[in-house]
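Trainee: Questions regarding the structure given below will be posed in turn.
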Amino acid sequence: MSTDQDPTFSVKLLQLMLLSTYWGMQIWVTFISSFVMDSHLSRHTYGFIQSRLVPFYLHLGSACAFFNLTIYAVYHPSDMLDDRESFQIFIFFVSVTVAAVNAQWFGQMTSEIMADMHLIEQACGLGQDIGLSSNREAYAKLCESDVKYRHLSSRLWLYRLLSSLCNLCCIGCNFYSLWYLAENLATL
């Protein structure tokens with residue numbers, strides 16, 4: 001159901017709200033709250049909060065990306081696209097795909113692995129130290145002595161890396177989309 005008519009003010013506002021909401025969440029979750037929580041909360045409290053907030057953030061981000069793509073595609077019929085509009089649709093598509101993979105797979109796996117690691121750490125009296133970088137020696141010793149923990153730790157590192165790369169890709173897509181939107185504003 002694509003249309004060659006200009007979108008209404010309400011549709012433009014909705015797209016702007018979706019894009020800015022997703023951008024704001026990305027900046028807050030990625031660059032602000034993580035660093036604040038890391039320096040003020042115990043390792044397990046931080047992990048517990050992350051395991052509850054991050055899946056919600058990832059799914060909400062996927063929904064914002066999907067609706068941005070849908071709105072843009074409806075008002076830009078494929079037979080009438082120029083190169084820049086085609087690239088913008090591609091950017092929205094990449095954002096939707098990467099956000100969905102992150103929400104459905106990497107984010108979920110990270111939470112599950114972290115929960116398993118917390119049980120092992122609690123059994124060893126670890127996890128109440130403030131900050132993720134404190135008491136590294138004890139966690140390194142646990143990795144050396146417990147094969148299951150070492151395996152979980154390496155899997156957690158891999159899934160966090162992949163999830164972070166997906167998140168950075170979506171931040172880049174949203175930055176480009178905001179740039180594209182700003183270039184096409186007639187005035188402020």
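Note that Cβ sites are derived from N, Cα and C of the backbone, with glycine treated the same way.
Copying in the features that TrEMBL gives for the protein in this structure:
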TRANSMEM  13-36  transmembrane segment
DOMAIN    18-118  domain 'TMEM205-like'
TRANSMEM  56-75  transmembrane segment
TRANSMEM  87-107  transmembrane segment
TRANSMEM  157-182  transmembrane segment
Trainee: Excluding the flanking five residues on each side, which residues at least 6 beyond the ends of the transmembrane segment (157-182) place their CB within less than 8 Å of a CB in that stretch?
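Mentor: 16, 19-20, 22-23, 26-27, 30, 61, 65, 68, 84, 88, 91-92, 94-95, 98-99, 101-102, 106-107, 109-110, 113.
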Trainee: Mean pLDDT over the domain 'TMEM205-like' (18-118): what is the value?
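Mentor: Mean pLDDT for the domain 'TMEM205-like' (18-118): 91.
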